[in-house]
Amino acid sequence: MNVRVGDIIKLENNHFVAADILLLSSSEPYGLCYIETAELDGETNLKVRQALTVTSDLGADVAKLADFNGEVICEPPNNKLDKFTGTLYWRDNKYPLDNEKMLLRGCVLRNTDWCFGMVIFAGLQTKLMQNCGRTKFKRTSIDKLMNTLVLWIFGFLVCMGVILAIGNTIWEQKVGRTFSVYLLWDEPIRNNNVVFSGFLTFWSYIIILNTMVPISLYVSVEVIRLGHSYFINWDRKMYYIQKDTPAEARTTTLNEELGQVEFIFSDKTGTLTQNIMVFNKCSINGKSYGTIMDSTNFSFNPLSDRKFKFHDSSLVEAIKMEEPSVQEFFRLLSLCHTVMPEEKNEGDLVYQAQSPDEGALVTAARNFGFVFRSRTPETVTLYEMGIAVNYQLLAILDFNNVRKRMSVIVRNPAGHIKLYCKGADTIIFDRLDPSNQFAGEGLRTLALAYKDLDENVLEEWMKRLLNASTVIENREEGLADLYEEIETGLMLLGATAVEDKLQEGVPETIACLTLANIKIWVLTGDKLETAMNIGYSCNMLRDDMNEVFIISGHSVSEPELEQVLLETACLCKTVICCRVTPMQKAQVVELVKTNKMAVTLAIGDGANDVSMIKTAHIGVGISGQEGMQAVLASDYSFAQFRYLQRLLLVHGRWSYFRMCNFLFYFFYKNFAFTLVHFWFGFFCGFSAQTVYDQWFITLFNIVYTSLPVLAMGLFDQDVNEANSHRYPSLYRPGQLNLLFNKRQFFLCTLQGMGTSFLLFFIPYGAFCLVVRDDGSHISDQQAFAVIISTSLVIVVSVQIGLDTYYWTAVNHVFVWGSLAVYFAILFAMHSDGLFSILPSHFPFIGTARNCLTQKSVWLVIMLTTVACVMPGLAVRFLKTDLYPTLTDKTITEQVPQTCD
């Protein structure tokens with residue numbers, strides 16, 4: 001569909017929206033339409049959009065729509081999916097436009113026969129395309145270290161080239177002249193330009209020794225990471241059967257970073273708790289309800305929700321006695337919200353709420369006789385004790401994370417105008433004893449208030465509201481000031497207490513992660529008492545604790561206190577930040593991430609957690625009750641907080657251990673393989689001749705050694721999963737980065753250099769003056785190359801066998817298979833068959849057979865193998881025996897592992 005800005009387009013049911021369009025009219029009453037935004041935010045529940053009343057009257061009249069000459073002035077294209085600011089000028093009037101009147105590209109029209117809209121943004125200017133910009137990739141500390149080490153290796157390669165080039169220059173000058181009788185010099189050398197010979201030799205050795213630079217390292221690392229990600233996806237112990245939700249690794253680049261986490265930043269609602277809200281208690285006009293555990297009968301209300309339970313019959317009696325304060329309390333709950341009702345059958349009401357809190361409160365009002373039935377742009381219909389009452393909806397003062405409250409202004413059938421407000425108690429009033437008591441029980445509290453409004457005052461305020469709502473720049477600030485102005489002088493009506501229970505396994509998970517020396521900070525928008533009670537419930541707070549740090553969002557926002565806050569918080573075992581906004585959550589994470597040089601993990605379930613999830617080194621999203629925004633922004637996702645323990649202590653620790661072992665062995669074998677050329681240079685006049693056959697050089701990293709090291713990187717495990725949970729302290733080496741660092745790199749380099757030295761000089765010393773059984777020489781270059789290459793393949797195979805803790809069938813197949821393939825190719829390359837086909841490429845017939853049939857050759861290969869692996873093996877045994885770590889002790893004690 002080719003559309004341009006200003007076009008009027010028609011959409012039909014189940015059609016994708018091709019551009020960002022302003023909804024003009026639809027087939028549904030009051031200009032409503034339903035859309036699915038799964039392509040934008042991952043949420044599958046339907047959302048409601050509503051056209052302006054003046055444009056919804058256009059209906060499906062094509063003539064009127066074609067004559068529509070409204071002018072829209074709006075914000076420039078941006079990537080904010082949840083915000084739109086604009087103004088429609090039409091028929092000498094101006095109308096404010098917001099996101100509720102927009103259908104964004106990528107949405108799908110559902111349950112709506114048709115709708116018409118005007119294109120506001122098209123093509124690359126749509127919000128969907130604006131979100132397709134450059135993504136900031138997260139990189140692990142291993143990635144950064146590998147990049148540094150590759151540069152070091154390249155520098156070492158240059159140094160080796162310089163040394164060998166200098167050696168060639170000296171050799172040509174002092175010794176090479178005597179060989180000119182047999183092998184004529186090239187023209188430059190003949191003219192005594194031996195420096196030029198050294199220059200050419202330098203570049204020749206750079207080419208020969210280039211296998212020292214691990215070009216295939218990054219490919220192998222990505223293959224291993226991909227395998228680790230699949231292991232997470234396939235883990236049935238992280239599968240939540242109630243919602244059919246498996247764990248998902250949404251990235252393949254951060255797996256080993258999961259084994260190095262030091263700080264966890266967790267949301268509370270929906271992350272530590274279930275985010276299934278239950279109306280538990282309330283305070284009305286100073287009297288508390290819900291403290292008496294008796295059954296409540298809602299049979300008086302035919303529209304009540306049978307699943308709803310409340311344990312205090314005195315509140316039902318107060319409703320039946322028509323107490324004004326109680327009626328006003330539930331009237332406020334049934335009016336002050338953004339819930340949309342669906343009535344599939346008569347009396348069968350289903351509420352579509354933007355948050356579980358709103359759903360719980362509106363459901364409570366429904367059960368106590370104040371049933372929210374329907375809404376239009378101008379009215380709200382309630383059934384108050386069975387009687388239909390229509391309220392004129394004059395204004396909605398929206399909720400946001402800064403205001404932390406919501407208000408509606410309505411006119412009742414008697415003509416009285418009232419403002420009803422609900423929100424955080426710290427915003428609406430300074431102190432309310434019953435509310436504080438509820439929060440101490442771990443309940444989420446909201447304060448309810450109202451005020452009567454004068455008609456003249458409201459009329460003047462509404463004019464200013466219309467002007468502010470049609471301004472493009474700084475609209476939000478202007479509206480906030482107007483909201484603040486009218487939301488003053490409120491009369492306190494009461495408070496609600498909604499229960500949000502802890503998820504299963506949260507206390508045990510937090511206790512285990514704490515033993516792993518992981519610091520857990522809870523960042524929540526709830527009030528102090530609620531956050532503290534949840535802290536006690538999940539064992540983060542105990543009466544015997546001396547170091548606890550609890551702070552509010554106001555303190556977090558003070559820049560001059562950042563360092564003091566950080567230093568103090570890091571001294572404490574438990575840190576809880578309450579009343580924090582989404583931006584403040586991200587600021588706390590960034591503060592620790594920047595100053596502590598530690599791996600951070602943020603976990604949350606809602607859109608308000610997206611900022612901190614993106615800020616942390618690792619973001620984990622929980623697919624809960626608040627949509628999929630957190631999951632879509634995360635690196636890993638699952639359904640329950642308790643799975644975080646397995647993700648870190650098992651998958652994270654194994655991934656880090658496997659990657660470190662892989663890197664150590666990979667650098668070791670590359671140095672052992674390549675530096676043999678360096679030693680050989682001293683015996684070949686630094687002439688840049690290779691020790692190995694050219695085919696061996698080509699196949700060594702691709703065929704002979706690639707699969708065994710991949711198997712080790714994918715399947716190896718030093719400690720089984722049971723002991724990983726049993727001994728959380730095993731996680732500590734990853735936090736300290738002990739398994740692979742610059743020191744470990746130098747050790748593996750030295751081991752590789754030592755192995756290359758022994759690989760060259762043991763066969764050289766054994767065969768330089770040795771003859772075959774029949775008296776003929778066996779020390780020609782090709783035989784020497786076969787002996788060294790065979791020794792090298794066996795040595796690296798034995799070494800990987802010693803470095804592997806957990807043998808699977810795949811490990812056996814890859815290790816023994818690689819050895820078998822090596823010998824098969826070796827004998828094939830020295831066979832008559834290949835010589836007859838490609839005589840110029842395979843000229844040395846029978847070299848392998850003649851060489852490897854000598855007993856002395858195999859004795860030398862065995863001696864070389866033992867000499868190469870014994871020093872490292874001896875050091876390992878002495879270290880384990882004299883200075884055993886917890887890992888060493890656990891490996892010794894655990895039952896020998898067997899594979900299915």
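Cβ atoms are placed via backbone N, Cα and C, with glycine included.
The annotation transmembrane segment is assigned in TrEMBL to 149-171 (among others). Within its own chain, the transmembrane segment (149-171) is flanked in space by residues 194-195, 197-199, 201-203, 205-206, 209-210, 212-214, 217, 667, 675, 678, 681-682, 685-688, 742, 745, which lie at least six positions past its ends and keep a Cβ under 8 Å from the stretch.
If you look up TrEMBL, you'll see 192-219 (among others) marked as transmembrane segment. Listed as Cβ neighbours of the transmembrane segment (192-219) (distance under 8 Å, sequence separation of 6 or more from its ends, same chain) are residues 146, 150, 153-154, 156-158, 160-162, 164-166, 168-169, 172-173, 176, 663, 666-667, 670-671, 673-675, 677-678, 681, 686-688, 690, 697, 700-702, 706.
Taking the Cβ of D609 (Mg(2+) binding site) as centre and 10 Å as the limit, one finds 31 other Cβ atoms among all the protein chains shown. As annotated by TrEMBL, Mg(2+) binding site applies to D267, T269, D605, D609.
Within 10 Å of the C-beta of D267 (Mg(2+) binding site) there are 30 other C-beta atoms, taking all protein chains into account. When secondary structure is read from DSSP and collapsed to three states, D267 (Mg(2+) binding site) falls in the coil class. Per TrEMBL, active site, 4-aspartylphosphate intermediate is recorded for D267.
Summarising the annotation, TrEMBL assigns ATP binding site to D267, K268, T269, E358, F399, K422, R444, T524, G525, D526, R579, K585, N608, D609.
Among the features that TrEMBL reports, domain 'P-type ATPase C-terminal' is placed at 631-885.
Positions annotated as transmembrane segment by TrEMBL: 662-683 (among others). Cβ atoms under 8 Å from those of the transmembrane segment (662-683) belong to residues 142, 146, 149, 160, 164, 167, 205, 208-209, 211-212, 214, 217, 220-221, 224, 689-692, 700-701, 705, 709, 712-713, 740, 744-745, 748-749, 751-753, 755-757, 759-761, 764, 788, 792, 795-796, 799-800, 803, 868 of the same chain, restricted to positions at least 6 beyond its ends.
Look at TrEMBL and you will find 695-715 (among others) tagged as transmembrane segment. With a cut-off of 8 Å between Cβ atoms, the residues of this chain six or more beyond the transmembrane segment (695-715) that come close are 211, 216, 220, 223-224, 227-228, 658-659, 661-662, 665-666, 669-670, 673, 785, 789, 792-793, 796-797, 800, 803-804, 806, 808, 810-811, 814-815, 817-818, 821-822, 825, 829.
Feature annotation from TrEMBL assigns transmembrane segment to 744-771 (among others).
Here TrEMBL flags 783-802 (among others) as transmembrane segment.
Taken from TrEMBL, the feature transmembrane segment applies to 814-835 (among others). Outside the transmembrane segment (814-835) by six or more residues, the chain places 693, 695, 699, 703-705, 707-708, 710-711, 786, 789-790, 793-794, 797, 800-801, 841-849 with a CB less than 8 A from a CB of the stretch.
Counting same-chain residues at least six beyond the ends of the transmembrane segment (856-878), those with a Cβ under 8 angstroms from any Cβ of the stretch are 672, 751, 754-755, 758-759, 762-763, 766-767, 770, 778, 787, 790-791, 794-795, 798-799, 802. For 856-878 (among others), the entry in TrEMBL reads transmembrane segment.
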Cα-to-Cα gap, D267 (Mg(2+) binding site) vs G525 (ATP binding site), nearest whole Å: 9
Residue among binding-site residues F399, G525, R579, N608 with Cα closest to the Cα of T269 (Mg(2+) binding site): G525
Alpha-carbon distance [G525 (ATP binding site); D609 (Mg(2+) binding site)] in Å: 11
Mean of the pLDDT scores, which run from 0 to 100, over the domain 'P-type ATPase C-terminal' (631-885): 89
Three-state secondary structure, D609 (Mg(2+) binding site) (per DSSP): helix
Cα-Cα distance linking G525 (ATP binding site) and D605 (Mg(2+) binding site), given in Å to the nearest integer: 13
Protein Cβ atoms within 10 Å of T269 (Mg(2+) binding site), excluding its own: 27
Residues satisfying Cβ distance under 8 Å from F399 (ATP binding site), sequence separation of at least 6: T338, R405, M406, G423
DSSP three-state assignment (helix, strand or coil) for F399 (ATP binding site): coil
Surrounding CB atoms that lie within 10 Å of the CB of R579 (ATP binding site), all protein chains: 21
